[in-house]
Amino acid sequence: MVKEEALNITSSSLSERDPFAGSHVPKEYQGTPTDRQDMHTLGRKQVLRRRFKFLTMLGFASTVMVAWEFVLVVSPFGLADGGKPAVFWGLLLSPVVLTPVYASLAEMASMRPTAAGQYAWVSELAPPKFQKGLSYAVGWLISLGWQTFLCGVSFQVASLVLGLAVLGNADYNMQPWHTTLLTIGIAGSCSLFNVSFADRLPLVETVMLVLHVLGVFAICIPLWILAPKSSASETIVNFTSNGGWQDLGLASTIGIVPMIGILIGYDCCFHMSEEVQDASRTIPAVIIWAVVSNAAMLLLVGITYIFCLGDLDSVLNSATGQPVIQVFYDATGSYTAFNAFNSLGTVSILSSYTITVGCLIWRRLFGKLLPPRRWSLGRWGLAVNLFSLCLTMPMLFFYAWPLYYPVTASNMNWSSAMLGSVTIMALVYYLVKGRHDYAGPVSFVISEE
């Protein structure tokens, strides 16, 4: 039987808890009484300034994910396996599949608004004998996923910049090490900006949110007016296998999954929880609004783009598969590195979602009452959790498949090998040291019973 729990937090309990004694954080950045109670319950002292509110966090989530911009980069994966319909249906399925996942995670964020996110929730919600091991594993997955995303985005930007140099100067002889050095420079610049201008980050995110929305129209309006349009049947129904796979259903599935995964990564909001005002209410609201609003922009840009692509054969027979990727391909000469970055980061983060939601389901069915929360799925919680778990597990299976057949070293999806290597390394470290030293965030949580 599903175990439900009280949702209200009394004002008297809020006033009794204050983790700010002796804190260096100015009062205006200490957050609300609810934030203070949450930090006390988590057994943590507030050391970060709560600068972010709803709008600035919405801008943060939107600009970290750049969902509609990213579809222009990953659409060749769908076009190669399944054609235009794979991109079309993948984009439509993306919010359907991932909104229940984020709703489940948002409820946990309201229970425990901590920057640790998934690995802290697993530490508390998993069966007691598995709490430490699963929490450790999820922590590794989150770290691997976001480090990979940072490398992947920096690599893509570097490739685009050098590709523009190639287009502007035919005599320029781009070398692979140019891309590597520029990638390091871009990643370093991002880190330097975040360290040096942290107090200006909320303002920057607000400005970027405006540009993010305006960019939709900057892309779509010229295409609506100037570009030739494909027929509805060609774009929606006529699936094709252009990657060499003999089974059209398998090929289409391989192409659809990366399109669904474009919205994976909004857990970035959870990891900012200790820098957000009234986090237990703001973070869940930001997650849902970010997913819904960015899904709408994603559909608008993505569907416009594939309707305006023109003849698919001519696109796929070009050097890159589509004009947007031409620059990227000119700089790298291959999709292999980009595909590995994209798949490894997505599989790692999606795995953390799946394990976390699975632990929440176990807690609902067999564990203690869930902690109080201000944002709840109510009686639909278990159904939403089960639905999200059923949808994410097939995605994990197909994300590691190569796009092309026959499979060679140059077109292989190396994400599974990379993930396996990191898993072995993490397991060895856990057996040698981690199981003795790692306790898990639940060991610091103060019981509310």
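Just so you know, glycine gets a Cβ as well, placed from its N, Cα and C.
Look at TrEMBL and you will find 1-37 tagged as region 'Disordered'.
Residues 87, 91, 156, 201-203, 205-209, 212, 215-216, 219, 258-259, 262-263, 265-266, 268-269, 272, 276, 282-283, 285-287, 289-290, 293-295, 297-298, 300-302, 305, 324-325, 328, 338, 342 of the same chain lie 6 or more positions beyond the ends of the transmembrane segment (54-74) yet place their CB under 8 Å from a CB of it. Here TrEMBL flags 54-74 (among others) as transmembrane segment.
Packing against the transmembrane segment (86-105) from elsewhere in the chain are residues 71, 75, 78-79, 118, 235-236, 239, 252, 255-264, 266-267, 270, 287-288, 291-292, 295, 298-299, 302-303, 306, 353, 356-357, 360, 377, 381, 384-385, 387-388, 391-392, 395: each is 6 or more residues past its ends and has a CB under 8 Å from a CB in it. Marked as transmembrane segment by TrEMBL: 86-105 (among others).
According to TrEMBL, the transmembrane segment annotation covers 138-165 (among others). Listed as Cβ neighbours of the transmembrane segment (138-165) (distance under 8 Å, sequence separation of 6 or more from its ends, same chain) are residues 73, 116-119, 122, 172, 174, 178-179, 182-187, 190, 265, 267-268, 326-332, 337-338, 341-342, 344-349, 351-352, 355-356, 419, 422-423, 426.
Positions annotated as transmembrane segment by TrEMBL: 177-197 (among others).
The annotation transmembrane segment is assigned in TrEMBL to 209-228 (among others). Beyond its flanks by at least six residues, the transmembrane segment (209-228) meets 55, 58-59, 62-63, 66, 68-69, 297, 300-301, 304-305, 308, 310 of its own chain at Cβ-Cβ distances under 8 Å.
Sequence annotations record features per position, and here TrEMBL assigns transmembrane segment to 248-266 (among others).
Taken from TrEMBL, the feature transmembrane segment applies to 286-307 (among others). Residues 54, 57-58, 61-62, 65, 67-68, 71-72, 75, 84, 87-88, 91-92, 94-95, 98-99, 102-103, 105-106, 109, 212-213, 216, 219-220, 223-224, 229-230, 235, 259, 262-263, 266, 269-270 of the same chain sit 6 or more residues outside the transmembrane segment (286-307) yet have a Cβ under 8 Å from a Cβ within it.
Summarising the annotation, TrEMBL assigns transmembrane segment to 340-362 (among others). Residues 74, 101, 104-105, 107-108, 118-119, 121-122, 125-127, 134, 137-138, 141-142, 144-146, 148-149, 151-152, 155, 258, 261, 264-265, 267, 382, 385-386, 388-389, 392-393, 395-396, 399-400, 413-416, 418-419 of the same chain lie 6 or more positions beyond the ends of the transmembrane segment (340-362) yet place their CB under 8 Å from a CB of it.
Residues or ranges marked as transmembrane segment in TrEMBL: 382-401 (among others).
Residues or ranges marked as transmembrane segment in TrEMBL: 413-432 (among others).
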Close approaches to the transmembrane segment (413-432) from elsewhere in its chain (Cβ under 8 angstroms; 6 or more beyond its ends): 133, 136-137, 140, 144, 336, 339-340, 343-344, 347-348, 399-403, 438
